[in-house]
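Everything below concerns the one structure shown next.
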Amino acid sequence: MGDIPQTYTVDDALVSLGFGKFQVLVLLYSGVAYAAEAMEVMILSFIGSAVQSQWNLSPHEKSLISSVVFAGMLVGAYSWGVVSDNYGRRLGFLFTALVTSGVGFLSTFAPNYISLLVLRFFVGVGLGGGPVLFSWFLEFVPAPNRGAWMVVFSFFWSIGTILEASIAWAVMPTLGWRWLLALSSLPSFLLLVFYSFTPESPRYLCLKGRTSDAKHVLEVMARLNQKILPLGELTSDCKLEANEFLKNNNVCEGSHVEQVKKSGVSFVALLMPKIKCIGSLYKLLSRKLMRTTLLLWMCFFGNAFTYYGVVLLTSGLSDGNSKCRPEKLQKHSSGGNHLYKDVFITSLAELPGLILSGLIVDRIGRKLSVAFMQFATFGFLIPLIFHQKELTTTALLFCARICITGSITTVSIYAPEIYPTSVRSTGYGTANSVGKVGGIISPLVAVGLVDGCHQAAAVLLFEGVLFLTGLAVILFPVETKGTKLRDSVESPI
């Protein structure tokens, strides 16, 4: 026994070191980034009407202010995921912080409608880096309580939405939308201030063959958590994948030529890593990951479409929609004066949504949790097919937002868990990109149809999307509750 060297993996180290001071610092840093992203997205609920009034925009032009942000997020989510998986998590979220904070502040000075659209598009590109920070934090959390801590991480999104609603309530009536844009860009600057203190993911470092650097990070973690690392040498369960043969020389032993011959890889598979963006997508749509990838795309599209729909319905039904209400209901509506109050109240629904997710995600599993909350959202939106009193509408949207928030939170835990380290940020980022397509379309539906007095059509469309999304969740291939994270596609789950 004495001459057999002892080894341990990153997962073994994380379980041994537990969740301590080190992870709390990582949580705070990534959480601020997540809150900053939420604030920039929630702006869309407030500035549309103000900009429309100032520049005499049509309803279509107003909805484009929201859609271009999601278009930018679509581009950014995939791009920053590829950067993160190929060059490191830290580099990925450095660029996202630079773009979001810089362009977000510049959009405050937009002189006209077109320049505002262009600047908000690039803000969206920066916001697309959110999945990188999610994956980064996930890779520091021990497997046994990973679900619960990822829910805690998601609380920062809710903090961001509530903070944004509070700032808008205080700032918009007096100082206007430009001040709201300026104040909302400040949290992203905090990421740049503390960037030099952030560690690289030890799991990513192991995957790239940099085990000494990974061990150094784990040693720092051990000191801060006041724990001891396992005995032996740090190793990885990485198995060199076919399309990485020409990219890495030091991850796994053996001749490239011999391994290529044994595996029978195609020329296309060997060419893909030369074009990193295409190579990453090629992996996600490989035989072993295709079902997972396509179902996740459906789920993220449906969740984003519905979430932003509920957010924008709240403002749409509170702001200027009294002309569409039956006369007997108009007297119960306070119109645009209660826009900030209604959005603030429904934003508070994020907190019970996260609590609900935290209570069930590690008990009944990820799949069942998402499916349950999808169909619950479906149920709460049904009465909104018909015009309701303001109090009833707000209550139904509050409950719907509880459930859709819990659904998004849980599927955002599931997605990075199901993918291996080699494509984790890209896989999660791509799924988010597809979700942003839902975010692009949702304002056109929620704002366009509601402003056009077609509330029933808008709600029925959301119901159809929710039903199909729930079916996709039921078809997810595996449950990830309590499982270890994989490093490569070949690793068992």
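Every residue gets a Cβ built from N, Cα and C, even glycine.
Sequence annotations record features per position, and here TrEMBL assigns domain 'Major facilitator superfamily (MFS) profile' to 26-481.
Look at TrEMBL and you will find 63-80 (among others) tagged as transmembrane segment.
Per TrEMBL, transmembrane segment is recorded for 92-110 (among others).
Annotated transmembrane segment per TrEMBL: 117-137 (among others), in sequence order. For the transmembrane segment (117-137), the list of distant contacts is 26-27, 30, 33-34, 37, 40-41, 64-65, 68-81, 83-84, 89-90, 92-93, 95-101, 103-104, 106-107, 110, 150, 153, 188, 201, 412, 416, 424-425, 428-429, 431-433, 436: same-chain residues at least six beyond its ends, Cβ to Cβ under 8 Å.
Residues or ranges marked as transmembrane segment by TrEMBL: 149-172 (among others). Same-chain residues lying 6 or more positions outside the transmembrane segment (149-172) and placing a CB less than 8 Å from one of its CB atoms are 19, 23, 27, 30-32, 34-39, 41-43, 45-46, 50, 134, 137-138, 141, 179-180, 183-184, 187, 340-341, 343-344, 347-348, 350-351, 353-354, 357-358, 361, 405, 409, 412-413.
Tertiary proximity for the transmembrane segment (179-197) is limited to same-chain residues at least six positions away from its ends with a CB under 8 Å from its CB atoms, namely 29, 32-33, 35-36, 39-40, 43, 46-47, 90, 93-94, 97-98, 100-101, 104-105, 107-108, 126, 160, 164, 167-168, 171-172. The annotation transmembrane segment is assigned in TrEMBL to 179-197 (among others).
Sequence-remote contacts of a segment are chain residues at least 6 beyond its ends whose Cβ falls under 8 Å from one of its Cβ atoms, and for the transmembrane segment (294-313) they are 41-42, 44-45, 66, 70, 343, 346, 370, 374, 377, 381, 384, 397, 400-401, 404-405, 407-408, 411, 414-415, 418, 427, 430-432, 434-439, 441-443, 445-447, 450, 458, 462, 465-466, 468-469, 472-473, 475-477. What TrEMBL lists as transmembrane segment is 294-313 (among others).
Feature annotation from TrEMBL assigns transmembrane segment to 343-361 (among others). Counting same-chain residues at least six beyond the ends of the transmembrane segment (343-361), those with a Cβ under 8 angstroms from any Cβ of the stretch are 42, 45-46, 147-148, 151-152, 154-155, 157-158, 161-162, 164-166, 168-169, 310-311, 314-315, 318, 368-369, 372-373, 394, 397-399, 401-407, 409-410, 413, 481.
What TrEMBL lists as transmembrane segment is 368-386 (among others). Residues 299, 302-303, 306, 310, 313, 356-357, 360-361, 392-393, 396-397, 399-400, 403-404, 406-407, 410-411, 414, 455-456, 459-460, 462-463, 466-467, 469-470, 473-474 of the same chain lie 6+ residues outside the transmembrane segment (368-386) yet bring a C-beta within less than 8 angstroms of a C-beta in it.
Positions annotated as transmembrane segment by TrEMBL: 392-415 (among others).
TrEMBL lists 427-450 (among others) with the feature transmembrane segment.
Residues annotated as transmembrane segment in TrEMBL: 456-478 (among others). Within the chain, the transmembrane segment (456-478) has long-range Cβ neighbours (under 8 A, six or more residues past its boundaries) at 291-292, 295-296, 298-299, 301-303, 305-306, 309-310, 313, 366-367, 370-371, 374-375, 377-378, 381-382, 384-386, 411, 414, 418, 438, 445-446, 449-450, 493.
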